[in-house]
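One structure below.
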């Protein structure tokens, strides 16, 4: 089984040089990339705390900002005239997508994109974060139910003599058609202006697998969710990358359910990508280093079950997002710095190197390793008997030292199969061509 595996010499991997050398598209034809999407520049400017992520294999924007040449995220107030309702129920820009001007939005969006991405050859991640409403009627529950209520009211006003079932059907159709027009139109404009960017919406697809209290929690998407996601084929077809969220709710802390939760969320992204006819559509889950809405940092095990799980499924990488709230005080900045230095950094070096070595050993360097269905617990984590991670004397970047043993290479081939990069094929991605 190991006869095809490439011999790998002793590896001394200086991650600083790797990060500085990656000026090509951020994630294309690389096994696994970590993107630091955080305004941790404030830690240095306001508190004198230098969160130095450049020493790891983490693609960052200059100044560690949310927007730059490697990635740009557009929040709702930063791109066009996104319609929504405030928490008080007041409409902004019409409130509903079917009650707002798409032309005005696209004209404003045109200017916003050029201002945020001045370079026409931008080839980084381009993420749109619209969270007020969801494009499928059935998914607008709880606080988002206002979009269904106001959609019904709009139809009722237009047709006061219609019975309730007619109103419901028309309201649903009008809302979903308008939502599609707004989202697809915004993506299309972005791709026209910056065609090399990896355009997509944060949080899509979702799996809605939040039933953590169930004694037999499987992590699977609830019944009907995949069918609803299949109705968003227009979104997957228009996207150039998928950005599902794998933020870990605090309810998962201390349970054994994290891997199941993440596994099925990432799997749903790959499922819709395949259904859209683009198996090479990059999947880049959004992760946090904290439990969502808390200041509690993830343990090493939770990193394995989120970042490691994403890598095991063949994700192109992960986006590590840190809330502005987590950088407000000197204490929180120091906590982030210590975590990066002692826990996150070494783990990122481990998993990115593991994915790289697996790609070279199993997939001829021309594809990503994807965990075989028969090995549900396998992760691209390096064998501590074969590798060590050590700081460089004098405070330089971490260095990975070691070599894959024959046993390591055989185990990789047993646990992982290949998803070839475009232009390569074969069991081990050893042949050029698409057939």
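Each residue's number is its place along the chain shown, starting with 1.
Glycine residues also receive a Cβ, built from the backbone N, Cα and C atoms like all the rest.
As given in Swiss-Prot:
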SIGNAL    1-21  signal peptide
DISULFID  43-333  disulfide bond
CARBOHYD  70  N-linked glycosylation site
CARBOHYD  99  N-linked glycosylation site
CARBOHYD  107  N-linked glycosylation site
CARBOHYD  121  N-linked glycosylation site
ACT_SITE  131  active site, proton donor
DISULFID  207-221  disulfide bond
CARBOHYD  216  N-linked glycosylation site
CARBOHYD  256  N-linked glycosylation site
CARBOHYD  350  N-linked glycosylation site
DISULFID  358-369  disulfide bond
DISULFID  363-418  disulfide bond
DOMAIN    418-429  domain 'EGF-like'
DISULFID  420-429  disulfide bond
Residue 70 (N-linked glycosylation site) and residue 121 (N-linked glycosylation site), Cα-Cα, nearest whole angstrom = 11
Query = Measuring Cα to Cα, how many angstrom lie between residue 350 (N-linked glycosylation site) and residue 418 (disulfide bond)?
reply = 20
Inquiry  = Just to be sure I understand, if DSSP states are collapsed into helix, strand and coil, how many residues of the domain 'EGF-like' (418-429) fall in each?
reply    = 0 helix, 5 strand, 7 coil
Task = Whole-number Å only: compute the distance from the Cα of residue 358 (disulfide bond) to the Cα of residue 221 (disulfide bond).
result = 30
Note = Cα of residue 256 (N-linked glycosylation site) to Cα of residue 333 (disulfide bond), in Å and rounded, measures 29
Ask   = Looking only at Cβ atoms, how many others are within 10 Å of the one on residue 99 (N-linked glycosylation site)?
value = 16
Residue 369 (disulfide bond) in three-state DSSP notation = strand
Query = For residue 369 (disulfide bond), what is the tally of other C-beta atoms lying within 10 angstroms of its C-beta?
reply = 30
Key: For the disulfide-bonded residues 363, 420, the one whose C-beta sees the most other C-beta atoms within 10 angstroms   = 363
Inquiry  = Quiz question: given the disulfide-bonded residues 207, 358, which has the greatest number of C-beta atoms lying within 10 angstroms of its own C-beta?
reply    = 358
Request  = Enumerate same-chain residues with a sequence separation of six or more from residue 333 (disulfide bond) and a Cβ-Cβ distance below 8 A; give 'none' if the list is empty.
outcome  = 40, 42, 43, 47, 49, 51, 327
Key: Count of other CB atoms lying within 10 Å of the CB belonging to residue 429 (disulfide bond)   = 21
Ask   = In the structure shown, which of the glycosylation sites 70, 107, 216, 256 has the fewest other Cβ atoms within 10 Å?
value = 216
Ask   = Which of 43, 221 (the disulfide-bonded residues) has the most other Cβ atoms within 10 Å?
value = 43
